[in-house]
Amino acid sequence: MLQVKNMSFSVPDKQILNNITFSVEQGKFVGIIGPNGSGKSTMLKIIYRYLKQTSGLVTLYEKDIGHFPQKKLAQELAVVSQETPVLFDFTVKDLVMMGRTPYKKWLAADNPQDFAIVEESMMLANVLHLESRTFSQLSGGEKKRVMLARALAQQANILILDEPTNHLDIEHQYQLMDLVKDLPITIVAALHDLNLAAGYCDILLVMKDGALYMEGTPEQVLTEETLKEVFHMQAGVSKNPFTKKLHLFFYTNY
Amino acid sequence: MTKTRFTLLIGALVVGLLASMTIAVMVGSVDITPRFIWEVLFFKLGILIETDASNAQAVIIWDIRFPRIVLASIVGAALAICGAAIQALVKNSIADPYILGVSSGASVGAASVILLGAFSVLGVYAISLAAFLGAIFAVVTVFFLARVNGRISVIRLLLAGIAVSMVLSAITNFMLMMSKQQGGIQAVMHWMLGSLAGAKWSNLAIPFFSLLLVFILLLMNYRQLNALLLGEETAATLGVNLDRFRIFIILFVSLLTGVVVAVSGSIGFVGLIIPHIVRMMVGSNYKMVLPISSLSGAIFLVWADMAARIVLAPEEMPIGIITAICGSPIFIWMLRRKRYSFGDGE
């Protein structure tokens, strides 16, 4: 459903992304991994049209995303970006209600359907009990979940997450990934934790120096050679004895 | 904030505004009783056929005090909603409606009329017109300076606003320094600190309809204003067309601020503190912030203008001094309160 064709992006004096091509199938959980500065966030920003590629094409349902009206795109594609700077104070419920913005015409009021969607989204993201708290009183993990609930209220077909587990403690990392994995929609997430990526993603895209280095299932992609080549890490590849998912052990010669 | 509480608050503020306006009409060199005020009002509106008020009292109420108090509430409401909108636009809690250079541009216009006699063919409207043109000139300059590759950058908008304001203030100060006319210098100072003394029924229409238009437009876009507070990236992914929406806010807010400054000078502080006080009461949702700011701003300025008329009577105190003197303590008190973060987030 989502396709990226020969996408490149450069700023004066620097090529950030170089000729990237891939496609995402409906319903898949696609993880994007790669070291810092490999272009993960930039690529996501182009996909959700905050930045514009220098050349190449991003298509959604075979249609150039540049041709989607802003609201239509927001109905198709929800984003939890790395920014969470809420200026002033909103209640959790107000914030999640903002997910309904792309469906609202100039004078439209919030209707019972919106309230039902907002409640359902809050329930899914496990923040319903916080609904009348103000955002600034919440912990980091709660804030992330509220932003996720807001994105869910957009009822989009694709959810883009930029390092969703950043700053979360271990329990909330897994809780968030469980929650996202259960969603019946397409997920594209940039992830730092390779074991989380291995445990939850159907497909992994490996980025290196602004190019797509490799693409495949976690088993195909997460090999000792790739890890050495891309992340400059020595690793042993094994299996998590409890989940039977691929698991990586990293080591240095310390 | 529930719907009922919101409705109650709006109701209380409307009553408060009407009461404040009534008190403001009563106060002055000639004492007037509340009964006469409403009688004269209803008489003029054709609801009452006769009134016990004498002709002189009717003139004072209807032609002198009423227009001035109505103007005070229009200006207060306008500055408050402009401040609220600008704070969302630049995502900065120290922003006020003058941050894009409106007041310094208007000052140049007003000073050149008063000191140099520009636009004298326009007679009494010369100052207002020149102030408005100066304001619009300043904002347009700031706007184009802040545009890079067709996009408006918020930080450039703020910095360009400061730079343009500095240059224009320098021009005003230069004109003041070179001027030999004591009276003119005082008039310019008076104008810059703001005054509502020039209010007449005939010059209320433009401010009123500008306020109405901009208020309705902003309220219709409250969702977009809210989304802007989440950050530009998030706003964009919520379907807000950032560039178009920013131009829309800059255009209409500057227009309204320009109109208001043209009739009343640059009254400071209202546009900065009222939105903050309102957010403390009702939270940040612009659906509530806009109407409540407009009413609170109106009430605040009606009282400030009343004070301006009576503290130094029979002289008039510039209203800008009153708003700063009364506003600052409130603001400082808010600073010391821990619960309100001024948009700091953490």
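Backbone N, Cα and C atoms are what each Cβ position is placed from, and that goes for glycine too.
Please treat TrEMBL annotations as automatic predictions, because they have not gone through curation.
Worth saying up front: this structure is predicted, and the values here are computed from it rather than measured.
According to TrEMBL, the protein carries these features:
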| type | residues | note |
| --- | --- | --- |
| TRANSMEM | B:69-90 | transmembrane segment |
| TRANSMEM | B:97-119 | transmembrane segment |
| TRANSMEM | B:125-145 | transmembrane segment |
| TRANSMEM | B:157-177 | transmembrane segment |
| TRANSMEM | B:206-225 | transmembrane segment |
| TRANSMEM | B:245-278 | transmembrane segment |
| TRANSMEM | B:290-311 | transmembrane segment |
| TRANSMEM | B:317-335 | transmembrane segment |
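Listed as Cβ neighbours of the transmembrane segment (B:97-119) (distance under 8 Å, sequence separation of 6 or more from its ends, same chain) are residues 79, 82-83, 86, 90, 126-127, 129-139, 141-143, 157-158, 161, 164-166, 168-169, 171-172, 175-176, 179, 181, 184-185, 187-188, 191-192, 250, 253-254, 257-258, 261-262, 265-266, 268, 271. Here the transmembrane segment (B:125-145) does not lie next to the transmembrane segment (B:206-225) in space: the count of CB pairs under 8 Å, restricted to residues six or more apart, is fewer than 3. Under 8 Å from some Cβ of the transmembrane segment (B:317-335) lie the Cβ atoms of residues 189-190, 192-196, 264-270, 272-273, 276-277, 280, 300-301, 303-305, 307-309, 311, 342, all in the same chain and six or more residues away from its ends. When each of the listed stretches B:69-90, B:157-177, B:245-278 is scored by C-beta pairs under 8 angstroms to the transmembrane segment (B:206-225), B:245-278 comes out highest. Below 8 angstroms of C-beta separation, residues 89-90, 92, 95, 98-101, 103-105, 107-108, 111-112, 115-116, 134, 138, 141-143, 145-146, 185, 188-189, 192 of the same chain, each at least six residues beyond the ends of the transmembrane segment (B:157-177), sit close to that stretch.
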